[in-house]
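TrEMBL lists 1-25 with the feature signal peptide. Look at TrEMBL and you will find 44-486 tagged as domain 'Amine oxidase'. Per TrEMBL, FAD binding site is recorded for S45, E64, A65, V274, E462. What TrEMBL records for F379 is substrate binding site.
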Amino acid sequence: MRLVLSRSSFSVMHLFLIAIPLCHALVATPSIPEVDVAIIGGGLSGLSAAKELAAANKSIVVLEARDRVGGRVLNANLAGKDVQELGGEYIGPTQNRVLALAAELGLPTYKTYTEGNSTFYRNGTARHYKDGLGGIPPVGLDTLVELAVFMTDINNLASTVDLEEPWNTPNATALDSMTLETYVNSKLSTSDSRVLLDVAIPAILSTEMKEPSLLYSLWCIAAAGDETGPGTINRLIGVDGGAQDSRVSGGTQLLATLLAERLGSENIYLDTPVRKVQLKESRYLVSSDENTVSARHVVCAMSPPLVTRITFDPPLPAGRDQLNQRMPMGALGKAIAIYPSAWWRDEGLNGVGVSDTGAIRVTYDNSPADGSFGAMMGFIEADEMRKLDTASEDEVKRQVKQSFANLFGPRVDDATDVLIQRWDLEEFSRGGPSALMPPGVLTQYGSYLRAPVGRIHFAGTETSLRWIGYMDGAISSGERVAGEILENW
Ligand SMILES: *[C@@H]1O[C@H](CO)[C@@H](O)[C@H](O)[C@H]1NC(C)=O
Ligand SMILES: *[C@@H]1O[C@H](CO)[C@@H](O)[C@H](O)[C@H]1NC(C)=O
Ligand SMILES: *[C@@H]1O[C@H](CO)[C@@H](O)[C@H](O)[C@H]1NC(C)=O
Ligand SMILES: *[C@@H]1O[C@H](CO)[C@@H](O)[C@H](O)[C@H]1NC(C)=O
């Protein structure tokens, strides 16, 4: 699929340059392909922008650093056994862009498995419970009351957020000068409610509560909905009817690979990490180590911190660059244990687990729709992931199995395979699921997030107004950027 553009013409051109120096410009120009839009990044945001631009008859090229499309969406193909998702996986109601794309590509969806009891490992004991109280495990009445009040309060506060311009939210400066943890500490007093938030927040943002600002966290909550239903923390943590409601048949990477197929492999350069974007005579020269394309518009379809690894000439404005510098990636891994069957279902369990300790604090039944084999998935989040960034794969697997065993008992050891994906170690992701904003960033630099610089445009799930950090946000950001480009053609 990869096209090597400049190499083949080099030696011939070299002769020309020596023989007819006056014709330098005439000879050099045609060797650089010209497109309307060069899109840097072949994840869901870049591919969605490409799709819209191609539909408007603009010529595009997608420059992707990896040897595959999909970015933080990745299928593991299991020998003779369907697939497992190692990156973005779940979709749910109000995620209208990703639901529409799945439908358009002819990909059916199916519900995440939730029949049976959930499991809570706390103070060294696993308890099973009927998940009937909005996903809250068996804890004391004081904790239940405190959590119910907390969720109402944070949802109410989130409803005051200005989605388009969160820096204009009432009290924005105060809300952005504290961490989410400061707010949570002011609201929660029981040790069980703190523990449950310490599990829930990393499961949503892949950060510890002490990392993101309160305003940024409220913005993410407010964005977890649509025109018909405002965003709530309940929707973010929910399975049935929430963000973990459904899965995509064949795995979510098909969303990217089918989009790429439509665009045509000749328009997608794989193994092409872009190093430089240079403005020259009103065109942008977009270069990897081996290729250069000339484009009228450029789309950076990646997380803001990864943009800092590209050299811009002239440099990006200070505010844009400071924003890129200030948004770190969350720390995230996924572990999936494979079994001949989903044996926990026979024990009346749905595989949903919440734990107060260990590498994995949240689990789901990840078996395929037809239940032809069993898969148990757990997230390795934030500080737990950081602890294991440098561990051997065997050590990660050992700790993962220990976490699963705390929740589900010794049968966990019967796994035929354990898949591990550490997003922190991916050169072209450097963490996941997205970049976040510590205190002070959204109010000071938020206005740079979506603002184009000349004809350089910024996509990526972080720039979305809906479902920030999700596949849905990535898709809508690509669509937004395509609209921006076409409007200003
Ligand atoms: C794109 O080009 C095709 C074929 O030339 C034409 O039928 C179609 O109307 C064009 N679409 C747009 C949006 O210009
Ligand atoms: C766990 O232990 C702590 C104190 O050690 C206690 O406050 C809490 O209620 C216990 N939780 C459960 C669910 O047993
Ligand atoms: C702003 O914060 C102050 C102090 O915390 C509070 O009294 C006030 O109600 C807040 N205003 C709004 C609109 O949230
Ligand atoms: C599920 O939990 C409920 C309440 O804790 C219990 O009564 C029921 O027997 C459990 N069901 C199964 C299948 O284990």
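Heads up, the Cβ atoms here are built off N, Cα and C, so glycines get one too.
Predicted automatically and left uncurated, TrEMBL annotations should be read as such.
Features as recorded by TrEMBL, highlighted on the structure.
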{"residue": "S45", "record": "FAD binding site", "Cβ neighbours (10 Å)": "33"}
{"residue": "E64", "record": "FAD binding site", "Cβ neighbours (10 Å)": "30"}
{"residue": "A65", "record": "FAD binding site", "Cβ neighbours (10 Å)": "22"}
{"residue": "V274", "record": "FAD binding site", "Cβ neighbours (10 Å)": "26"}
{"residue": "F379", "record": "substrate binding site", "Cβ neighbours (10 Å)": "22"}
{"residue": "E462", "record": "FAD binding site", "Cβ neighbours (10 Å)": "25"}
Those binding-site residues in S45, E64, A65, V274, F379, E462 whose CB falls under 6 A of ligand 4, listed in sequence order: none
Across the domain 'Amine oxidase' (44-486), average pLDDT on the 0 to 100 scale: 97
Collapsed DSSP category at A65 (FAD binding site): coil
Distance from the residue listed as 'substrate binding site' back to A65 (FAD binding site), taken between C-alpha atoms, in Å: 26
Where the record names S45, E64, A65, V274, E462 as binding FAD, the maximum Cα to Cα distance in Å: 20
DSSP state at S45 (FAD binding site), helix/strand/coil: helix
Spatial separation of F379 (substrate binding site) from V274 (FAD binding site) - C-alpha basis, Å: 31
